[in-house]
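The structure appears below as structure tokens.
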Amino acid sequence: LRLESCHQHLRYNPLRDTWVLVSAHRMKRPWSGQVEKEEEDQVPQHDPNNPLCPGNTRANGEVNPDYNNTFVFENDFPALQPNAPDPGYNQHPLFQSKAARGVCKVMCFHPWSDVTLPLMTLPDIIKVIDKWAELMVDLGSTYPWVQIFENKGAMMGCSNPHPHCQVWASNFLPNEATLSDRCQREYLKTHGEPLLLQYAKMEAERQERVVVQNADWLAVVPYWATWPFQTLLLPRRHVQRLTNLTAQEREGLASIMKRLLTKYDNLFQISFPYSMGWHGAPTGPYLKEDQFHWQLHAHYYPPLLRSAGVRKFMVGYEMLAQEQRDLTPEQVIHLGNSITATYAIYKHRSSYV
């Protein structure tokens, strides 16, 4: 093992211009803290009281169609609305505010509630990817940022087990997008190659942190990962947005997503919780600007640490000083090597597989 695998050290995150404290020896400490209650596994295929199921009535009184693949609708309780008033510009520098406008949509992946992405067929996952790209074209024609994200599991704040994600489009670049844009732009200026394109090549060569890979995609535990089982999903080709993916790359993406998420489920034999989201070049007015520094990528942030019931808490030092993790990304890969990703060992008790 490398010296850094056994002793505490700092790792640099070039996407955020921050440092992560890695303290691998802390996994040896006994755990007597909070243990999460295991989530209910018996999810019905169709629940007449679930507002996301086909044919059911949502909170606003609208009735869902009897959809048979993906289904998109306006969020009934949106965080962003298109006609918010402008607070004005004559403000003190310590008390600034701006108008925040946008739209929020919900996208159901499948008509059945008892399936998740790793349990879906490849053609059905491709339909999800195609719909993501379609929403990027639609919303990205106007809004500078379109955030696609999925919160999976009650541990990540998901209030509905039906397989779905959210899509928020805003008239501003959010903090994480602004930071990532700056870091990628500066890296290209200094090194002459897009940051994540070079990083994917180097990880593919080293094979030290690769979780799964195929001809068009690479999923790694990033060198600078903060969350224990965090992964970064990268295309091998220089691609700036989801809309730029070829049909072959979309098929490859469906395959690698299924394999990656199956590995997650098999790790602790549960439907693995996570928050994930896509980052790509800004849209709207930025479509006419040079965005060569951007590389499309997806982040997966699972909260679990030691088992299905023990999670990583980002509190105390992490909130007040800097990010810290309790095992190295290389140790995660060693742990995951014994997990098969071809077929789901853990199966949600779904009649779909």
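Here the Cβ of each residue, glycine as well, is placed from N, Cα and C on the backbone.
Those TrEMBL annotations? Automatic predictions, nothing curated.
The active site, tele-UMP-histidine intermediate annotation in TrEMBL covers HIS164. What TrEMBL lists as UDP-alpha-D-glucose binding site is 26-29, ALA59, 75-76, ASN151, 157-159, GLN166, 312-313, 317-318, GLN324. Here TrEMBL flags 7-174 as domain 'Galactose-1-phosphate uridyl transferase N-terminal'. What TrEMBL lists as domain 'Galactose-1-phosphate uridyl transferase C-terminal' is 182-338. Taken from TrEMBL, the feature region 'Disordered' covers 32-54.
Feature annotations (TrEMBL) mapped to structure.
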residue : record                                       : Cβ within 10 Å
ARG26   : UDP-alpha-D-glucose binding site             : 12
ASP76   : UDP-alpha-D-glucose binding site             : 13
CYS158  : UDP-alpha-D-glucose binding site             : 17
HIS164  : active site, tele-UMP-histidine intermediate : 20
LYS312  : UDP-alpha-D-glucose binding site             : 20
GLU318  : UDP-alpha-D-glucose binding site             : 16
Looking at the domain 'Galactose-1-phosphate uridyl transferase C-terminal' (182-338) alone, can you tell me the average pLDDT?
93
Length of the line joining the Cα atoms of LYS312 (UDP-alpha-D-glucose binding site) and the residue listed as 'active site, tele-UMP-histidine intermediate', in Å:
24
HIS164 (active site, tele-UMP-histidine intermediate) and ASP76 (UDP-alpha-D-glucose binding site), distance between Cα atoms, whole Å:
14
Quick check for the class: what is the C-alpha distance, in angstrom and rounded, between HIS164 (active site, tele-UMP-histidine intermediate) and CYS158 (UDP-alpha-D-glucose binding site)?
10
